[in-house]
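What follows is one structure encoded as structure tokens, with my remarks underneath.
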Amino acid sequence: LLLILLSVRSWLANGVASPLTYEVTDRITGNPLQCDRCPPGTFLRARCSSTKKSECAPCPQGSFTELWNYIGRCLRCAVCGRNQVVKKECTANSDCQCECKPGYFYSQDYDMCVRHSECPSGQGVLTKGTPERDTVCGRCSVGTFSDISSTDQICTQHKSCSAAGLQLVLKGAIWHDNLCTELNISKKSSPPSSFITK
């Protein structure tokens, strides 16, 4: 592969648009032959001889070749694994690309797609998970809270009781909001303790 890349760079630098070749031995004469490789998206149906050039054919559906080649059949397109979806469909000259489905990311530790981590109550999402990275969580700062485990919930500001015309009953923490109540609580009048009779 390195030799191929170096050859391509050399041809490009010299402005020569020559196809890649490979060397074979003629089966009849025993002499070396320079045969054309097949372009990406094709495979070698019949190799060259002293009287004919290489015969290439298109890759059948579901297969591909990405490089100039002289292989006898195209490579089978990959199949996406568990918890993966197709990011890019397979074509005659490129394999399909897979990525983790929504809600999952690729874990190098497990070599598979695993579910995004949930940030517990008291922590909020700093960075949402992607197909390549897990969720990043952070402890809620003073004056903010998160009361659920979530993969997308950020820490939210405590409710202002006074701004809503309410009275603070319980000060909020990082895992719950301020608890407010109405300022004027109606009280039922108490009945007299005794009655005077005549």
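From the backbone N, Cα and C atoms, a Cβ is placed for every residue, glycine too.
A TrEMBL annotation is a machine prediction, not a hand-curated record.
Taken from TrEMBL, the feature disulfide bond applies to Cys59-Cys74 (among others). Cys59 (disulfide bond): 21 other CB atoms within 10 A of its CB, across all protein chains.
Feature annotation from TrEMBL assigns disulfide bond to Cys77-Cys90 (among others). Cβ neighbours within 10 Å of Cys77 (disulfide bond), excluding its own Cβ and spanning all shown chains: 17.
Positions annotated as disulfide bond by TrEMBL: Cys80-Cys98 (among others). Around the Cβ of Cys98 (disulfide bond), 18 further Cβ atoms fall within 10 Å across all displayed protein chains.
The disulfide bond annotation in TrEMBL covers Cys119-Cys137 (among others). For Cys137 (disulfide bond), the Cβ neighbour count at a 10 Å cut-off comes to 20, with all displayed protein chains included. According to its DSSP assignment, Cys137 (disulfide bond) is in a strand.
With helix defined as DSSP H, G or I and strand as E or B, the domain 'TNFR-Cys' (58-98) counts 0 helix, 15 strand, 26 coil. Marked as domain 'TNFR-Cys' by TrEMBL: 58-98 (among others).
What TrEMBL lists as domain 'TNFR-Cys' is 99-137 (among others).
Annotated repeat 'TNFR-Cys' per TrEMBL: 58-98 (among others), in sequence order. Sequence-distant contacts of the repeat 'TNFR-Cys' (58-98), counting only residues of its own chain at least 6 positions beyond either end whose CB sits under 8 Å from a CB of the stretch, comprise 1, 4, 19-20, 22, 35, 37-44, 47, 104, 112-114.
As annotated by TrEMBL, repeat 'TNFR-Cys' applies to 99-137 (among others).
Residues annotated as signal peptide in TrEMBL: 1-17.
Of all Cβ atoms in the protein chains displayed, 25 besides its own lie within 10 Å of the Cβ of Cys119 (disulfide bond). Neighbours of Cys98 (disulfide bond) among the disulfide-bonded residues Cys59, Cys74, Cys77, Cys119, Cys137, defined as a Cα within 10 Å of its Cα, are absent: none qualifies. Among the disulfide-bonded residues listed here, namely Cys80, Cys119, Cys137, Cys80 has its C-alpha nearest to that of Cys90 (disulfide bond). Per-residue pLDDT, averaged along the repeat 'TNFR-Cys' (58-98), amounts to 97 for this model.
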